[in-house]
Amino acid sequence: MQLKAEGQSTEELLDWRFRSVGPKQRIGKWRGSVFMLGAACFGYLGFGGIFFNLVLYLMRVWGESPVTASNDLTNLLGTMFFTALIGAFLGDAHLGRLWTVLLFLVIYVVGCGLVGVAVTLQEHADATKPLPESLKGFLFAALYITAVGNGSYEPVLASLGGDQFDTQAEKTTFFNWFFVFCNVGQLVALSFVTYFENNGQWALGFWISGGVVLLSMPVYMIGVPFSRQHRPGGNPFLRIVQVFVCAFRKVRVSPAGTILYEAEDEDGMSVIPGSRRLSHSKDFRWLDRAAVVGSAEDKGDPWRVCTVTQVEEVKCLLRVTPFLIAGVLFNTIIAQLTTLFIAQGATMDGHIGKHFNMPPGSMQVFTVLACISFTPFFDHVVVPWLRKRTGHEKGLTTLQKMGLGMALSIVAMVVAVFVERKRLHAARSSPLIDVPFAVMPISMYWLVPQYVLVGIALVFAIVGQMDFFYTEMSDGMRSIGISLPLVCRGLGNYASTLLVTITTHITTRGGKLGWIPRNINRGHLDSFYLLLVVIMSVTLVFYVVAAHFYTYLRVASSKIRAEPVELTRQPR
């Protein structure tokens, strides 16, 4: 039980100098967020220019095998996405989201510059001698700095963009456009920057990428005076630990029928800076012990009693855990876009006519085009149609969107299985089957359907994840919430590395070449893709069950009065 509330709470918003935003101040909305979209576009252009062709660079210049190069890339991407928690923590807890974005943009620019230096040194190295390992170490150090900068600023930028809007529909629209602008940046990278890289001008391609990332800084800073942000709420991880400590201290206390502790400031906000209060929920009742007051002296000591809002923050994280697990496995499929799909394309004929030959790394342009074209089509055509039939403001719930994205990823991998079998048939009937980097007599454009299907799957899954993890967290943990999809991508890349390593170890027993050998024409990528289909099918069943039992977060009202009531939590 808790004290009943009346009215609706409002979010506390600040300007770039941490001053309260008045109702007549013309900041927020699209005035500030449009510059964030521009910064995201340039940031993703730089990301694509460096990472999209990295597997081919490591194979062709450094002589790595497909497995080693793929694992190097997935480890980098895993680090990049996993460090999203660093930026999210600083943005939510200490620096504020506006300044956290700028800090990690600087780190991102420095990393890109060091990558350019490393590749330039490689191009000017003595061609008659093996490339020094120290240079490769410098290259990877620069790549990891780039990964930390990019991974740490992106979720904070997306969360900051959501903070500019008041209604849920406006926030969803922003996330859709954020996704589109990120893909526009990738499209330019795939169609322009990778052209130089595939012609051997690696240093030029990487320097262009770094220059564009540098340009994103002034674009972002122009919009800073027109943007608003939440007050940093202190260390959310410390609050989580406090809840568990308090709950375990009172392990023999029953919260049933007990008035749970809650506190608010003069505006009806939570005592957590910048956060509204959250309604009590009936699941994970064992955590409610943390909000049971043992004595009057306990109040004010967060290691002895926590507020209901603090307990609900922890419950939010526990509720979304099944969807994080499903997201990790979904991203093991997405990891193939920048690894094995490209290795496939490198053995296929990319010619259109006599004069145009598309580089294999640029095949991702079809995924990007699918994302760019389908997102506004879905937002402006499909959603209004669905809204009339489902009665839901967004047409589909965020959980339905994510589930649909997972289902489409399974379809994409089924298509990939059949295309790979066709490629293997063409390769094994060719006299060039054992010639390194030889082109087999099959068009690379057989890969288009799987690239397009993955693109449409991303529209549902990624936008759905951004929306879901942003709205299902408290105001003081939204950057952390929106970083969770990136953490899923990071763990998904690590899972892909682990899966490739285990698969290679098992399938090479007894001296066999295995499913993913150095020469993939002698391997069985189709069997590996089929394994992914099985894994994702099981994951989808798990996801549907978890979604069936999930209820959405509910923010508490603003004013507390002295009338104890039984608290409930209803699905939205």
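Backbone N, Cα and C atoms are what each Cβ position is placed from, and that goes for glycine too.
Taken from TrEMBL, the feature transmembrane segment applies to 34-58 (among others).
Packing against the transmembrane segment (73-91) from elsewhere in the chain are residues 51, 54-55, 58, 97, 100-101, 103-104, 143-144, 146-148, 150-156, 159-160, 232, 235-237, 335, 338-339, 479-480, 482-483, 486-494, 496-497, 500: each is 6 or more residues past its ends and has a CB under 8 Å from a CB in it. Annotated transmembrane segment per TrEMBL: 73-91 (among others), in sequence order.
The transmembrane segment annotation in TrEMBL covers 98-122 (among others). With a threshold of 8 Å between CB atoms, the same-chain residues lying at least 6 positions outside the transmembrane segment (98-122) that come near it are 16, 39, 43, 46, 50, 61, 87, 90-91, 131, 135, 138-139, 141-150, 152-153, 156-157, 160, 202-203, 206-207, 209-210, 213-214, 216-217, 220-221, 224, 227, 229, 479.
Counting only same-chain residues 6+ beyond the ends of the transmembrane segment (134-153), those with a CB under 8 A from a CB of the stretch are 43, 46-47, 50, 54, 62, 72, 76-77, 79-84, 86-88, 90, 100-101, 103-112, 114-115, 117-119, 121-122, 125, 486, 490. According to TrEMBL, the transmembrane segment annotation covers 134-153 (among others).
Look at TrEMBL and you will find 174-196 (among others) tagged as transmembrane segment.
What TrEMBL lists as transmembrane segment is 202-222 (among others). Long-range contacts of the transmembrane segment (202-222) within the same chain, counting only residues at least 6 positions beyond its ends with a Cβ under 8 Å from a Cβ of the stretch, are 35-36, 38-39, 41-43, 45-50, 53, 57, 61, 101-102, 105-106, 108-109, 112-113, 115-116, 119-120, 122-123, 157, 189, 193-194, 196.
Positions annotated as transmembrane segment by TrEMBL: 323-343 (among others).
The transmembrane segment feature in TrEMBL is assigned to 363-386 (among others). Listed as Cβ neighbours of the transmembrane segment (363-386) (distance under 8 Å, sequence separation of 6 or more from its ends, same chain) are residues 52, 173, 176, 179-180, 183-184, 186-187, 190-191, 337-338, 341-342, 345, 350, 392, 394-396, 444, 447-448, 451-456, 458-459, 463.
Summarising the annotation, TrEMBL assigns transmembrane segment to 398-419 (among others).
Positions annotated as transmembrane segment by TrEMBL: 450-470 (among others). Non-local neighbours of the transmembrane segment (450-470) in the same chain are 158-159, 162, 171-172, 175-176, 178-179, 320, 323, 327, 330, 333-334, 337, 341, 363-364, 366-371, 374-375, 378, 394, 398-402, 404-406, 408-409, 411-413, 415-416, 419, 478, 481-482, 484-485, 488; each lies 6+ residues outside the stretch with a CB under 8 Å from one of its CB atoms.
According to TrEMBL, the transmembrane segment annotation covers 491-508 (among others). Distant neighbours of the transmembrane segment (491-508): 67, 70-71, 74-75, 77-78, 81-82, 327-332, 334-336, 339, 514-517, 524, 528, 531; these residues of the same chain sit at least 6 beyond its ends, with a Cβ under 8 Å from one of its Cβ atoms.
Long-range contacts of the transmembrane segment (528-553) within its own chain (CB-CB distance under 8 A, at least 6 residues past either end) are made by residues 278, 281, 316, 319, 322-323, 325-326, 329-330, 332-333, 336, 340, 399-400, 402-403, 406-407, 409-410, 413-414, 416-417, 420, 471-473, 499-500, 503, 515-516, 569-572. The transmembrane segment annotation in TrEMBL covers 528-553 (among others).
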(request) Could you check if the transmembrane segment (34-58) is in contact with the transmembrane segment (323-343), meaning 3+ Cβ pairs under 8 Å among residue pairs at least 6 apart in sequence? (result) yes
(request) Grab the same-chain neighbours of the transmembrane segment (398-419) for me: Cβ-Cβ under 8 Å, and only residues 6 or more beyond its ends, written as numbers and ranges. (result) 323, 326-327, 330, 333-334, 336, 341, 446-447, 449-450, 453-454, 456-465, 467-468, 471, 526, 529-530, 532-533, 536-537, 539-540, 543-544, 547, 550
